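Annotation source TrEMBL lists transmembrane segment at C:20-43, C:55-73, C:94-114, C:143-173, C:180-200, C:234-254.
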């Protein structure tokens, strides 16, 4: 995990983002335990309440779950959920932006497809 | 009332007013930051809370009863200060024994473990230690002493990067394990910022910010772009600082933005981090409305 | 006493006891070992028995304990760092010095008795002011000894209380100020002496008898007891009153203790 403490994004969002990234890249496989709040707090000097807030976001998203007395585990199917979410995000954010920029540059649909094929 | 409450604290030294009217509450089980520049009155406030000195006016209570001249309340507070109150001729081990005798239940194993981690020989005399190791020794006591409220005044004074890192780790670890309340007073914020849950910022003997770190940062912005547009966009807002680079200007705003105003394409809005906010709030120009 | 107060008493007692042993060790070194070595080097005679006989341990301890009672600020610093209030410090200090006074005087008396048992021709009664003045009051020598012992402990304790008050007053001042205070007190003392002697010169026959009367009263002397042993009730009362006054004053002074910027 790596945190950019100079970033203006709130730390708890960064915590959630980092764990999500790790699940996405299968650093934490489905069904596996993720580091505890304490471990993350200690290693990155983040207030435990902040870390917990970030984790709770992921619990709410159904990506991790709490097993009493043991810790937090990656939910089965979490990775798939993240991929799905990112695909949606990819379209909303990247593709729409790409097309709008292309239109400004007067690149036609065919030309854009060609460009994508070239870069692929 | 729960926790430690400082009420209308005023303190003068000779004729100089050091604390004007301090009101704050420290609730159990949080890590607090007491931030302020050198000479803002942080150490004076902590000395008053730990009853080392008396205020000219005001009172400090712990769970409703005064801490002044109260053994029971004072026994729940440990203040690690820059000033050394331990005798130079005492051996470190002796000082640990004294701490146990007077506070009760001292965690010796943990103290020994910390001494090993920091490579501190407990058979030395306190007076023989360097500034850094005096700090380390006092930190070890702070972490092992069985109190509910630990006040750390400049806890990383004289520590190198490695030791600072070790301390921050142990601090959070100790906090999670014991649920103690920590109040950390410092002017070096960057390294500790993310460990804090709540901050007080003191300036000229007054508390100018008192809130959870997240809430405080929620309304701390940097508005940057061409000088004219930035000025227009931030007019009437609480601008606490300014940066200019040629024609580009950045205005630091602390407080809600005006949602009605239209943000020009050329102007960007970013969030400030605690360090930046602190610098802008406490520098000579920073003003709070 | 609360558990905390007991801990503080223990802490102070241990600390003073260690300091006491330390000072005694040096005195022994300076009073016996050093002259012995010196005489060995210079080749002069050295009489160890005589040297031991000459040690008046009781009064020596009396003074040393008093001096140790002067020290206040360093204890206050450690205690406030450990969450102990000024009031508790005051209480514990008084209890600790009662213990130390009793212990040290007991040692002093034991020393004299041991010397008496082992060395002949020694009479501690001759060295004891109390025995000289009041000893004859008691019909029974054992009672006289006991009262003398009690008086030694009480006076040592009260002397310590006076020293605690003096020391705590000095602790209110920073090092630099302390020098000024000593200077001021010396000046005041000289002025007072000058004024009194001046008054004595002018109307010596009216002031002096009053002072002597007061001293007589405090010592328990009245005209009817002329030539006889005095009644020791009065000196005991003096000590108790002086002790109570100085301990109450020292509480007021200690409550004003604060950590200084030095």
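Along the chain as shown, residues are numbered 1 onward.
Even glycines carry a Cβ here, placed using N, Cα and C.
Predicted automatically and left uncurated, TrEMBL annotations should be read as such.
Long-range contacts of the transmembrane segment (C:55-73) within its own chain (CB-CB distance under 8 A, at least 6 residues past either end) are made by residues 16, 19-20, 23-24, 27, 31-32, 93, 97, 100-101, 104-105, 107-109, 111-112, 127, 152, 155-156, 159-164, 166-168, 170-171, 254, 257, 260. Of the two recorded stretches, the transmembrane segment (C:234-254) does not lie close to the transmembrane segment (C:20-43), with fewer than three CB pairs under 8 Å once pairs fewer than 6 apart in sequence are set aside. The highest tally of CB pairs under 8 A with the transmembrane segment (C:180-200), across C:20-43, C:94-114, C:143-173, is held by C:143-173.
Taking Cβ pairs closer than 8 Å, the transmembrane segment (C:94-114) reaches residues 1, 5, 9, 12-13, 16-17, 20, 55, 57-62, 64-65, 68-69, 122, 124, 149, 152-153, 156-157, 160-161, 164, 247 in its own chain, all 6 or more past its ends.
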